[in-house]
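Trainee: Features from TrEMBL:
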type     : residues : note
REGION   : 1-35     : region 'Disordered'
COMPBIAS : 11-32    : compositional bias 'Acidic residues'
REGION   : 50-90    : region 'Disordered'
COMPBIAS : 50-61    : compositional bias 'Polar residues'
DOMAIN   : 76-205   : domain 'BES1/BZR1 plant transcription factor N-terminal'
COMPBIAS : 79-88    : compositional bias 'Basic and acidic residues'
REGION   : 140-165  : region 'Disordered'
COMPBIAS : 140-149  : compositional bias 'Polar residues'
COMPBIAS : 156-165  : compositional bias 'Polar residues'
ACT_SITE : Glu420   : active site, proton donor
ACT_SITE : Glu618   : active site, proton acceptor
Amino acid sequence: MATDLQKLVVENEEEDEEDMDVKEEDGDDEDDVEKHISIPPMVDVDGIIGSTSNSNHFHNYSQMQGQLGSSGGAPRRSRPLEEKERTKLRERHRRAITARILAGLRRHGNYNLRVRADINDVIAALAREAGWVVLPDGTTYPSRSQGSRSVGAPSNLATSPSSQMVPQQTASLRGLSSGFHSTVEYNACRMKGLFVPSSPPQTQSMVGDGEPTGGQALNVDILEGKQIIDMPLKLPERDFVGTAYIPVFVMLPLGVINMKCEVVDPDGLLKQLRILKSINIDGVAVDCWWGIVEAHAPQEYNWSGYRRLFQMVHKLNLKLQIVMSFHECGGNVGDDVCIPLPHWVAEIGRSNPDIFFTDRDGRRNPECLSWGVDKERVLRSRTAAEVYFDYMRSFRAEFNEYFEAGIITMVEVGLGPRGELRYPSSPVKHGWRYPGIGAFQCYDQYMLKSLRKAAERRGQNCWARGPDNAGSYNSQPQETGFFCEGGDYDGYYGRFFLGWYSQMLVDHGDRVLSMAKLVFEGTCITAKLSGTHWWYRTATHAAELTAGYYNPSNRDGYTAIAAMLQKHGAAMNFPCLHSPSVDQQDEIQLPEPLEDPSGLTWQVMNAAWDVCLPVVSENSLPCFDHTSYNRILDRAKPLNDPDGRHFLAFTYLRLNPYLLERHNFIDFEHFVKRMHGEAVAGIQQ
């Protein structure tokens, strides 16, 4: 027995020596090659490095090593040099693969991984994206959207094909109100379009072999062979019964219409629409992409795919929200398809790149057209404003019967990147990462011409330039001479420049909405603003300034925008903002007081309501859990508001298979009912 123990110790020591040799030989390379994987070793009191894969094995090994330590142990056997070299090459190859994986996730997946990220960071990011909660110490558990599962009792109600959970015992269904006894049965009914979810009862405790369906962590004990599950008491929730009816729309996927202007998977989409109709949503929202409809030649419009889509929606008695999307899709967070601007516009851009927004370094952003060409005849003898007008007029003529019948209830007019009235100041494709302040986008020749005219009118020709001390995309305010405390932003030149920069934004919105009002007379039109909430609690609000919102701490930058929208009878679309995720906060180490999504939201909403402007909204981040829905409800229907103000409508972003999974869909159904002011069975109010 002692001989076997000695062999085990010797073998483990040889493996440890090999790893240590590789580390020593790679020491010089560590300064040049980035370490992307760091496996923390476990060290016992004797300093022996052991495997972290099995704590019991490590404990037994430590005991054996202690027993043999007094006898001297066996002599070490050195590894051949060739084998060490092979191990070293394998380690380098593994690191190279990891480096490419991390680079790809940062560049294409928009994961905010730190520079020296290891495999733990990657796994945590993927888990959080899948809806799990990962604490700093590595503790991982499902969020409310994943549903809680009792310890030691695997569920037999897997709700996703990717969740292959093999039941080890039969779970009782007495505490479940889904009406479906298995994933197969649920999926079969869903494919038939027959799924009508109902509310789960609220059970405080359960004794037996059943599994509760609550969304909170449970305490599970075993008593006489039975599980005793103590469910936390649910606090009463706010009562929305009898409150204002707020229509709920669901935004369709970005790629529901392909580049040939055809509906992608119409049968699958129809089944999903039937499921949504079963919970009485009011309608769907859809992007009408300029790059698809007018793709090949000026004023040659192809609406065929949208006509078929609208017919499908109409047959289900759903309403339509339309988005006039004059920007490209792709390259931003959440973009899963690529829809560029029309080909003929791209051709013009190759010969005249100044039709696109440009930063101080001369980098062009083809996401949308510069506002400097709104009145310049650079698009085949048309101005950009005329191009937008002709496109909207073509849409109205093509689908006039849907307007007359009241099926199209709202039209959102795209006014900038991602359809938002803002400058493209934070482009991911140019290296911007949260929470960078962004960069001014006013260096194309047409914007500079407007700036020169404004400086001449002011009598200060030397002001016909952009700031030269405003930092770069990922700078922080205090690192720049322009945005720092007491910086140039509040001097004479700074106030002049920021006033001109923000006025160009307001003028662009005013110009395009005036034409939209003519085209869509009798239909509600909306304009979307961006929720740039980082650095909100600084004096400068630098990220807002580069986006075009002149909103430092000593000035309200949203009243002018609200007044412009009120002039055209348009509603304001402002998203329900959330703070960055836990992993983002750990990554960027941004002090909490410096970003304030709630403060910005209430400032913008009050600016709108002060001029009696209707407000519509949408979720800014994926939302599947009860807590997030409650946050939206509180925002949509402010408690004890003396004027009874509330959202005009809400659009959920966006339709996807994950939303239609059983546990997520039940929460969504409850959310819709409460937005409609209806009672929800099983919720203590």
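We count from 1, first residue shown onward.
The backbone N, Cα and C atoms fix where each Cβ goes, glycine too.
Please treat TrEMBL annotations as automatic predictions, because they have not gone through curation.
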Trainee: Give the residue counts of the compositional bias 'Basic and acidic residues' (79-88) per reduced DSSP state, in the order helix, strand, coil.
Mentor: 8 helix, 0 strand, 2 coil
Trainee: Between the residue listed as 'active site, proton donor' and Glu618 (active site, proton acceptor), find the distance joining the two CA atoms and give it rounded to the nearest Å.
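Mentor: Distance (Cα to Cα, whole Å): 13 Å.
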Trainee: Using a Cβ cut-off under 8 Å and a sequence separation of 6 or more, which residues in the same chain sit near the residue listed as 'active site, proton acceptor'?
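Mentor: For the residue listed as 'active site, proton acceptor', the qualifying residues are Met251, Asn573, Pro575, Cys576, Phe650, Thr651, Tyr652, Leu653.
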Trainee: Per-residue pLDDT averaged over the domain 'BES1/BZR1 plant transcription factor N-terminal' (76-205) comes to what?
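Mentor: Averaged over the domain 'BES1/BZR1 plant transcription factor N-terminal' (76-205), the predicted model reaches a pLDDT of 56.
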Trainee: 10 Å Cβ neighbour count around Glu420 (active site, proton donor)?
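Mentor: A count of 23.
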